[in-house]
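J.: Features from TrEMBL:
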DOMAIN    25-161  domain 'Peptidase S54 rhomboid'
TRANSMEM  38-57  transmembrane segment
TRANSMEM  62-82  transmembrane segment
TRANSMEM  138-160  transmembrane segment
Amino acid sequence: MLALQAGGATVADALRYERASIASGEVWRLVSGHFVHFTWAHCLLNVGGLVVLAVILPASLCVWRCCLWLAASIGFVLFFALPGLQHYAGFSGIAYGLAVMALLPTARDEPIAAVVLLAFVARALWQCLGPGNADAMVWLGAPPLAAAHLAGLAAGALLLRIQRPTSA
């Protein structure tokens, strides 16, 4: 993500989620849009989150495979569920998905995991229902997209279920 951010506007413009470009056949943007950012602060926040989540993610899960699956899932959800969304960039939806995958398996036995997981869910719901955050828009370069966070939570839970089937 840091290398893509260092590539500047040319790289970001070629990779970010843009509905018209996706509809014209540039389907890679459904995935690549999650790995570019509007500002350096936005990028660094997401890289920091990825590092923390990669450390606590169960060893049985491949971080990069999970990131790609989550990116594709969230991208498809955004494309089909939000036809008015024209542009999107950022990793936070994937971070929410990784958080579910890291915390849900231990949430029943470890209260701190349960509390942190509930905080992620509460934050995503608050973003949907709350008044928005103009301050975040200034340093992120765009308003946070709650739908990406909710899609990440759902996709992370689904991927965790697929990766860890229960024995019958």
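Positions of Cβ are set from backbone N, Cα and C atoms, glycine also.
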J.: On the DSSP side of things, how many residues of the domain 'Peptidase S54 rhomboid' (25-161) fall into helix, strand and coil, could you say?
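T.: Counting residues per DSSP class in the domain 'Peptidase S54 rhomboid' (25-161), I get 101 helix, 2 strand, 34 coil.
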J.: Mean pLDDT for the domain 'Peptidase S54 rhomboid' (25-161), as a whole number?
T.: 90
